[in-house]
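These notes concern the structure reproduced below.
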Amino acid sequence: MEEADKRAEELRAQIAECEATLQSLKEQLAAAEAAKTPPYSDSTETDRGSSSSTWKWPLAEAEYERYGRQLILPSVGIQGQLRLKAASVLIVGAGGLGCPASAYFAGAGVGTIGLVDGDTVEASNLHRQVAHGTSRVGMLKVDSAISYLRELNPLVKYNAHQSHLTPENAESIVSGYDLVLDCTDHPTSRYLISDVCVLLRKPLVSASALRTDGQLIVLNTPAAPQADLSGGPCYRCVFPKPPPPDAVTSCGEGGILGPVVGVMGVLQALEGIRLLAAGRHLSPSPEQQQTAISPSLLLFSAPPDGSPAGFRSVRMRGRRKDCFACGEKSALSLATLREGGLDYVQFCGGSRKPVALLKSEERVSAEQLNALLQQQAGEHGKPVLLDVREREHFEIANIPGAINIPFSKTQNPGARHNAEDTPKLDWLPDGVADGHSPVYVVCRVGNDSQTVARQLKEFGLDNQGKRFIGDVKGGMLAWKREVDSTLPFM
C-alpha cells in the first residue's frame, strides 16, 4: 500500500511538472504570435508577399479579425473600438468577480488591464474563479490570471499589482487607469476603492455576490469633482454606514454558487465596456457636458427553490449633499489617504472579534469531547452533542451521534415560548430539556456554540448548575485538527 502511495505521489509530481512546462510553452507561443502582429500604429507596415505597403487603417489587421463581431455593433463601431484600445481598466480582486470580468475586457480589446490582488490561488477557489487552474494552485492570483489572459488575447498590455490595495498605495495604483472595477468581497475595501475613485475622478463599477444572490451598481459616473452634485453617486452615497461586522458573511462561511458570481463579473465587464466604448470615462468639452445617468442598483437572484432566476432594478438617488466623500462639505483628500488618516477597518467596525460568552470551565477541547464520547454513560447518562451548524454543513461531515439544530432555528424569537408563555425552547429534541445528561454544543469555529450554550442556561436547562452545559472550543475546525484530520471542513 505504501509503495502504491509513493508511486501515485511521483506521478502527481511528474504531471504537475509537465503542466508547468506546457503552460510555459503556451506563454512563449502567445508572445511569439504577439511579436509578429503589426504594432498599434496608424502607419503600421505590413508585408504582403515580397512587397510592403503602408497600412492605412486605424486598427491592425489582426484586430479587425479578432474584434470584427463587436465592431459591427452600432454601440461600438470603429470609434468605440478605438476608445477601448486606448483605455485602461484596473480590476481590484482577481477572484470570482475579477476572473470573468478581466476575461471579457481582454476579449473586447481594452488596451491595458491591471489586476490588484495579494492572495494566492487555492483549490477552493477553482469552482468559481475561472481564470485559475489546478497547476497554478499556490501561484499569486494576479500572475495566474494574467497567464490565462495572455493566452486569450496577447494584443493587450497586462499589469500585475501583487499586493492588496491599501490607503497608502491606492493613489499611485489607481491614478494610472481610466476605469476601476471593485471585485472585492469586504466593506473595508469597497469604501477605500470608492473614496480613491472620487478623489481621482475615476468611474467605478462595483459588484458583490453571496450564496445565490448578487448586486451591481455603476458609481461616480460621470466622475465630477467633489462637491459637484451633478456627478454620479459614490459608494458612501448609497451606503453611508457600513453593516455591523457580525452581519458580514464571507463566501467561506455562507457559500457561493459559481455561476452566480460569474454572472455578476460578466455584468461588470458589460457595464465597463459600454462606458468605455461610449467615451463616458473621458473628460467632456464644455459644450459636451455629460449628464448623470439615473443610478440604479441591479439585483440578481437564483432562488434555491428552483423558481426562475431573475433581475430586479432599484432606482437610487444621486449624490448626497452631506456625503463624506463627494458631498458639498467633504474633507476627504488624497493627503489624508496617503498619510493613513482614514482607518477603514475601524470605520467598518473592526475585525470580527472572537466571541467570549462562556467561562473557561464551561468549555471543553475537541480532544476532551472525544474522550467523553468514548466513555460509557456516566451517572447522569450519555453526553448529548448538539451541532448548531446549518444543515448543509452538517450533512457534509459530522461527529457520530451529534444532533443537528441549525443556528438560524435557535435564534427564532417566536420559538422560545409556548402558548402559556412558559419558557420553552421548541427547537430542542424531545427529552433534552428535561433530561440530566450533560450537553455539549459544537459549531463551525466555536462562536455560535457559545451563544446557544448560554441560551440553554438562561432557560434553566442547567438545573441551577447541577447539569453541565457547555461548548467545544474551536468547533469542528478544532475537531479536524485534534481528532480527525480526514474530516471535510467547509
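Counting starts with 1 at the first residue shown.
Cβ atoms here come from the backbone N, Cα and C positions, even for glycine.
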Query - Further binder of ATP named by Swiss-Prot next to ASP117, SER124, ASN125, LEU126, HIS127, ARG128, LYS141, ASP185, HIS186, taken from the candidates GLY80, GLY96, GLY107, GLY214 - result: GLY96
Requested in this report: Fill in the CA-CA distance, ASP185 (ATP binding site) to CYS251 (active site, glycyl thioester intermediate), as an integer in Å.
Outcome: 8
**Report entry** CYS443 (active site, cysteine persulfide intermediate) versus binding-site residues GLY96, SER124, ARG128, CYS237, CYS323 - nearest by Cα
**Finding:** SER124
Report task. Enter the number of other CB atoms within 10 angstroms of the CB of CYS443 (active site, cysteine persulfide intermediate). Result -> 26
Report task. Quick one: of the recorded positions CYS234, CYS237, CYS251, CYS323, which has its CA closest to the CA of SER124 (ATP binding site)? Result -> CYS251
Report summary line: Here the mean pLDDT of the domain 'Rhodanese' (379-488) is 86
Requested in this report: Do me a favour and check the Cα-Cα span between CYS237 (Zn(2+) binding site) and GLY96 (ATP binding site); whole Å is fine.
Outcome: 26
Query raised in the report: Ranking the binding-site residues CYS234, CYS323, CYS326 by other Cβ atoms within 10 Å, which is at the bottom?
Result: CYS323
Query - Nearest of the recorded positions (CYS234, CYS251, CYS323, CYS326) to LEU126 (ATP binding site) - Cα to Cα - result: CYS251
